[in-house]
Every structure is written in structure tokens, then in C-alpha cells.
Amino acid sequence: MIRPSTLSRIKALFFDWLFICGYLILLLILNLITFAVVLDTFPEYTHMESQLISTFTSVIPIIIIFSFMEGKAPFASWGKRRSGIKVHYGGSPITGAIIRNTIKFLPWQLGHMSTIDGIYHDYTTPSSMLFLTLSLGLFLVLIFMVLAREDGRHLGDLLARSRVAHYGKTLE
């Protein structure tokens, strides 16, 4: 297998980050319009409501969007297409994409959980510190695996039986 360069992976990550930022900005605009026009106020949410809103409006939709992009031809996210790389699956592309992207975005979800818990409890609860530690730990493990493994696969790739490679390159 021909592994994409670290620069190609970073370029893809940057463009995917821009894509996610665009989605979050659109979500913010829609929420502000809803609050200003429909509700005429900014509602107060409980800790659990904030956790659920964060999960169901940001993390899960992004997992679905990226799984859709990477689970069908050309098997590449917006950033991967711009970097000339794509995902190859050893099994079902749909199942693999869901597994791969759930693992890939899990640190983001854990980070949300830590931050929201911290905001509501002044960062004094064990759960806030636990979620922060898990978020950063998993993030570092995923990055380290991509950089250190000869095949450039992270935990999500291993579980999904997938590999990232350049367009047109065959896998050995």
C-alpha cells in the first residue's frame, strides 16, 4: 500500500476542519435567527439539555455527513478529495465509514461533554476531568497512530478494516 504523505493528511484535515466550521457557523446562524425571530429570547438549558443539543446538532450530524461522504464513491471527505486521497475498505464501505467516523469524532464528543460539564459545575467535577482526559488521550492516540504506524492507520481504521491511500493507488 502507498501511504499518503503526512502533508496530504494534514491538508485533508485542514479542509475537513473548514467544512465542519462552515457547518457550525450555519448552525449558529439558524439558531440565532430562531432565537431572535421565533422565540424572541435566548433560552436557558439544563446541563443534560445542553449535552443532548451538542450531541444531536453537532457531533452526530457530522458523523453522518462524513460517513455518507466516505461510505460511497469517491470514498472521500471534502478534505480528502481536495488532497487526492480516499478511504479503501476491507468490508462494507457504509459500515466501515460509520465505525471509522464514530471513532474519529469521539474525542470531539468527549471534549463537548467535558466542556459542558465544566461550564455547569465550574470544572470541579471528576466527570469533567475524566471526559477531558479521555478526549485528549484518545485524540493523541489517534494522531500518534497515524504518524507512527507504517500503514498510517488509526484505531477507527483498524476497527473498520479501512486504509487511507492516494486516488488510483492499489492496495497490497
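Using N, Cα and C of the backbone, Cβ positions are placed for all residues, glycine too.
Please treat TrEMBL annotations as automatic predictions, because they have not gone through curation.
Since we're looking at a predicted model, the values are computed, not measured.
Copied from TrEMBL, the annotated features are:
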- 4-160: domain 'RDD' (DOMAIN)
- 12-39: transmembrane segment (TRANSMEM)
- 51-69: transmembrane segment (TRANSMEM)
- 89-108: transmembrane segment (TRANSMEM)
- 128-148: transmembrane segment (TRANSMEM)
Positions on the same chain near the transmembrane segment (12-39), where near means CB under 8 A and six or more residues out: 57-58, 61-62, 65-66, 77-80, 82-83, 85
Intrachain residues whose Cβ lies under 8 Å of the transmembrane segment (51-69), provided they are six or more past its termini: 16, 20, 23-24, 27, 45, 76-78, 94, 97-98, 100-102, 104-105, 108-109, 112-113, 116-117
